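Taken from TrEMBL, the feature compositional bias 'Polar residues' covers 88-105. Per TrEMBL, region 'Disordered' is recorded for 88-107. Per TrEMBL, transmembrane segment is recorded for 113-132, 144-164, 185-205, 211-229, 236-255, 267-285, 305-326, 363-383, 390-413, 419-439.
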Amino acid sequence: MQIMTERLSLSAEQLSSMGLPFPSSPNPISLHFPTHRSFACPLVDATKLFSVFSMPSPNEKWAHFHRPRPTASLRNLKIKNRNIKARFSSSNNSNSTPHASNGDSDSPAKTKLIVVSSLIAVSLAIANRVLYKLALVPLKEYPFFLAQLTTFGYVMVYFSILYLRRRANIVTEEMLSLPKSRFMAIGFLEALGIATGMAAAASLPGPAIPILSQTFLVWQLVFSAILLGRKYSWNQIAGCVIVTAGLAVAVGSGSDAGQILSGVAPLWPVLMVVSSACQAAASIMKEFIFVDAATRLRGKSLDIFVVNSFGSGFQALFVLLFLPFLSNLKGIPIAQLPSYLMHGAGCFLNVGARRPGCEGAPLLPLLYVITNLSFNITVLNVVKKFSAVVASLVVMLSVPVSIYILSLPLPFLPEGASLSPLFLTGSSMLVLGLAFYYIPLPSKREAKTD
């Protein structure tokens, strides 16, 4: 399951890389009087208790009209209470971290969580891209088999983990009873994105594919504003635009930009853009599910394996329906598909008699599968804790790093590649865009104070 997606702690995320705090409903305060001696409770003065229920004197009736002005400490307490209410009520505040957990979003602990989560996601994203390239060395004749293995095999893995977490009471019945229509929409969008992307890739030149795919982040901004009602500041929009442009420059640095789409029918670039839009909509839908679950589950955090399992299950169902179309796009007649998958599995396992051309299997493909699983789970956790846009920005940071690593001589890929100066320019633009996105802007109240 390909997910770029996908911000975010929903305790009181994300969604949503990529704030929307949802505090728990206040519990009624109950007063329990001690009924036995072992209950630790301070003694109550009878005279004071009687004075609470006694009728006020005539002088005390009008005393509240002559109360002194509140002291500075009381005024500070009232201001603090108003700030807390404003923090919980500002669910569409774009400058706060989406799905922030309890506490101040600008606290050092929150900043440390963002940094650690981003570093883990970037490291796994880099390893995922590099190991995918290495996995295709033994499976260079069977990339379609690897794609179907990750689509259908992950369903069994995710539902097995979900079953174990249900037995351990980590996943509750309320989580499993969430509406399945949204997971069905996610599966359909991801399968449609795969189908349209493969159809466009068959007719587009190689360098054009990753450049056109960078519209993914733009679509995420659009869909998050539509589905989540999120508003972005000017620096966040500028940061996303700079990141998209920088990544396009870095990825297409070795191509002639003026001739890259010459002689290509307009239908195929449009299909590639539609593919990115479908994937972006699926990632925002996942963030929406996390946000909505906070209300449905009364502040409880939705387990990510509920989203992963049902989303992957419906994606596999729709991919199965599209399988004849996808197989023909790869030049494999549907009648020959079982034989193709059988030979691909034999090359993947590479047991018994060594198969020519399958050197490196099963180690390299297994490393990729394990890393890709960890990467998908980590990215979805970033979507839950922060946002789908933040998850995408984090993953995009891994693209130039992985390109640089793949340009070096590697095992099974001894021939390196040279990078043009535009690659460094695009990478610098990408980092600059990330800095723009995360620049903290002063609030309106602070601006008035200054």
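Placed from the backbone N, Cα and C atoms, the Cβ positions cover glycine too.
Keep in mind that this is a model prediction, so the values were computed, not measured.
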Best-contacting stretch, by C-beta pairs under 8 Å, relative to the transmembrane segment (390-413) and drawn from 144-164, 236-255, 363-383, 419-439: 419-439
Listed stretch, out of 113-132, 211-229, 305-326, that has the most CB pairs under 8 angstroms to the transmembrane segment (236-255): 211-229
Dominant neighbour of the transmembrane segment (144-164) in 211-229, 363-383, 419-439, by Cβ pairs under 8 Å: 363-383
Candidates 113-132, 363-383, 419-439; stretch with most C-beta pairs under 8 Å toward the transmembrane segment (305-326): 363-383
Sequence-remote partners of the transmembrane segment (211-229) [C-beta within less than 8 Å, at least six residues beyond its ends]: 4, 15-16, 18, 20, 92, 200, 204, 237, 240-241, 243-244, 247-248, 251-252, 260, 269, 272-273, 275-277, 279-281, 283-285, 287-288, 291, 387-389, 392-393, 396
